[in-house]
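Annotated substrate binding site per Swiss-Prot: 32, 244, 245, 277, in sequence order, evidence recorded as similarity to another entry. Under the heading ATP binding site, Swiss-Prot lists 34, 35, 36, 37, 73, 155, citing similarity to another entry as support. Residues annotated as K(+) binding site in Swiss-Prot, with similarity to another entry given as evidence: 34, 36, 66. Under the heading Mg(2+) binding site, Swiss-Prot lists 221, 245. Among the features that Swiss-Prot reports, site 'Transition state stabilizer' is placed at 219, with the record citing similarity to another entry.
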């Protein structure tokens with residue numbers, strides 16, 4: 001059983017019924033829909049198709065809606081693009097929209113001229129093009145082309161080390177979030193989160209439109225977000241290490257260190273952490289990854305990531321199925337060599353909260369699983385809380401969450417090591433233990449004579465009160 005969760009971005013290469021069904025069978029735990037592209041009508045079709053397929057495949061595949069966020073972009077060019085040479089003068093216009101050419105273009109952030117200073121850098125298209133600001137003339141930013149190339153319509157614009165005043169949630173984002181509530185998606189990925197207040201703004205919109213159960217994944221893509229990561233983790237459900245824009249906004253040599261630090265902080269807080277962007281990037285064009293990409297996926301798992309994500313590889317690449325299968329194979333091999341004791345040791349709190357019974361029980365369960373032959377930990381849960389806390393401590397054996405609610409199953413889709421099954425509501429300890437034995441055999445994780453652990457909270461009518469751990473022989 002694979003423990004590391006996989007998120008596949010759905011796009012032109014993968015939005016057919018055939019590919020989506022194969023993704024689910026390979027082990028797609030969440031389907032990511034990028035709302036920087038497409039309209040509500042096209043996304044509705046995809047969501048309805050995914051919902052139908054996951055029902056047919058009896059899968060708990062979650063749907064993750066990724067909002068565009070306060071991204072600065074270029075506007076249109078004549079013929080869709082223009083060629084720029086090193087040393088050319090080029091103007092970014094913050095005034096009225098103009099049609100771009102090889103001397104100028106408009107950008108979506110109309111106040112950038114107020115924020116940027118001569119000597120500053122502007123990067124376009126994930127840093128492929130670089131400009132140095134010479135002067136600011138009214139609403140025009142006059143630059144020298146440092147690294148030329150082809151500049152195109154609607155490409156991302158980054159301004160490293162310049163705090164921007166764009167709102168955390170744009171009007172388009174608000175509309176997309178409300179649409180997500182209407183479509184009952186499971187997760188929202190909020191782009192360019194810079195401070196905890198940004199997360200709370202997204203939360204307020206979701207809560208006020210029937211989306212209280214939707215979990216928020218905060219995408220960290222700037223130095224400001226990195227600087228505020230501790231406070232962001234406190235208010236978010238999970239974090240995505242979004243290395244694309246991060247690697248443009250922040251010196252590239254810092255990105256691996258930041259990735260490791262964010263993963264560790266999320267692990268310690270028991271929050272979901274996703275490693276994303278360019279994990280198998282060469283598989284957009286080739287049927288096999290580079291050795292460095294295979295190492296990247298493996299090392300993210302060794303660091304403690306809960307989930308790994310494909311972007312262009314699955315959305316627009318030539319080999320979406322091969323990329324998905326390759327990612328799964330690398331994950332399984334990494335897990336077979338994972339040092340679970342190391343991950344557990346670095347989570348131990350030297351000053352534990354004496355009231356944190358659930359944490360104490362979950363830590364003990366993971367510790368016991370590493371020393372005592374245990375095939376699975378079965379967690380009976382109404383809210384997902386018991387299973388999530390067990391996942392925090394990354395036991396060496398699988399966690400089987402049994403719950404009466406499909407929505408809870410999907411809320412656990414991105415937590416490391418959890419598989420889930422819907423079952424009837426439990427009224428007693430005996431019922432839970434009997435069901436635990438049954439599902440462990442059903443998933444072919446345990447056989448007669450094997451040991452499992454059962455974790456639950458009593459009385460069962462109270463949610464979030466994990467207070468029991470029992471070893472049972474099947």
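Every residue gets a Cβ built from N, Cα and C, even glycine.
Looking only at the recorded positions 66, 219, 221, 244, 245, the one with its C-alpha closest to residue 35 (ATP binding site) is 66. Classification of residue 221 (Mg(2+) binding site) by DSSP places it in coil, neither helical nor stranded.
Fewest Cβ neighbours within 10 Å among the binding-site residues 34, 36, 277: that distinction goes to 36. When the Cα of residue 66 (K(+) binding site) is compared against those of the binding-site residues 34, 36, 37, 73, 244, the shortest separation belongs to 34.
Each residue contributes its Cα atom, and for residue 73 (ATP binding site) and residue 244 (substrate binding site) those atoms are 15 Å apart. Minimal Cβ crowding within 10 Å, among the binding-site residues 32, 35, 221, is found at 35. Residues 32, 244, 245, 277 are listed as the substrate binders, and the farthest two of them sit 18 Å apart at their Cα atoms. Within 10 Å of the Cα of residue 244 (substrate binding site), the following binding-site residues from the list 34, 36, 37, 155, 221 place their own Cα: 221. Of the listed recorded positions, namely 37, 155, 219, the sparsest CB environment within 10 A is found at 37. Counted within 10 Å of its Cβ, the other Cβ atoms near residue 244 (substrate binding site) come to 17, all protein chains included. When secondary structure is read from DSSP and collapsed to three states, residue 155 (ATP binding site) falls in the coil class. Secondary structure at residue 277 (substrate binding site), as computed by DSSP, is coil. Taken residue by residue with DSSP, residue 245 (substrate binding site) is part of a helix.
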